[in-house]
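Peer 1: There's a structure below that I have some questions on.
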């Protein structure tokens, strides 16, 4: 159910407020362009700077707009287990297909703490849970052994892996089993991740190039890595440019260049520098997305 290219959706703003009309248009556009799923209110969706109510509204609107045509994986992570439970239960109540739960950031739990946290989330609802392991942001790295223990729980179904370590795919397959779903969380290494046994990517760049990334993921799933590599080469300058500064800022600027949404972000994030804008523009042209 959760395979292929799934954009980590941006949250559009206009004059400091949620721009829900643009959000709905983006959902339609992504489905039309071939995206295989939608992932609202993750890092790229600026979840840290949304209010609790805004977080819930975005999930609700994406679920309603998708209307069952593609799965919706709702961001539901927190370093407060009780808050994460509330988010998982809300995602289930409004009809999301799964919850994406980041490892608790800032308070640095042990591996035992990670097991307790994710077990509590597993037990609080009937919603499938995808672990989000991103040690560069959370400052805690879930080990393959810990992941293997959590994979024994029936509703812990997979991982979004943003470690950048392609050897992890094999290690996690060994500890979690071949049916445990592994999704890349890094656009620049997604091709190699799939070659190691991954089945898709929760992608930032897919916000601006959904058709190309859907085609790349489809080629990987069909075993046609040569075609997938040609698409990845076409997109690599854009991947790299988007992440020179925070990726959601880069991709919102790229989207604004294609009139998809405003580049507006919330503090403490700020607009791209002129130098980075020029590199994103060059990446868009290299990908054939802009003249």
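Heads up, the Cβ atoms here are built off N, Cα and C, so glycines get one too.
Residues annotated as active site, proton donor/acceptor in Swiss-Prot, with sequence analysis given as evidence: 132. The annotation active site, schiff-base intermediate with substrate is assigned in Swiss-Prot to 160 on the grounds of sequence analysis. Per Swiss-Prot, the feature pyruvate binding site maps to 44, 202. Positions annotated as site 'Part of a proton relay during catalysis' by Swiss-Prot, on the basis of sequence analysis: 43, 106.
Would you situate these features in the structure and describe their surroundings?
Peer 2: Residues within less than 8 Å, Cβ to Cβ, of residue 132 (active site, proton donor/acceptor) and separated from it by at least 6 positions along the same chain comprise 42, 77, 100, 101, 102, 103, 159, 160, 162, 185.
Cβ-based neighbour count (10 Å, all protein chains) for residue 160 (active site, schiff-base intermediate with substrate) stands at 27.
There are 30 other Cβ atoms within 10 Å of the Cβ belonging to residue 202 (pyruvate binding site).
Taking Cβ-Cβ distances under 8 Å and a sequence gap of 6 or more within the same chain, the neighbours of residue 43 (site 'Part of a proton relay during catalysis') are 8, 102, 134, 137, 247, 248.
The C-beta environment of residue 106 (site 'Part of a proton relay during catalysis'), restricted to residues of the same chain at least 6 apart in sequence and closer than 8 Å, consists of 79, 138, 139.
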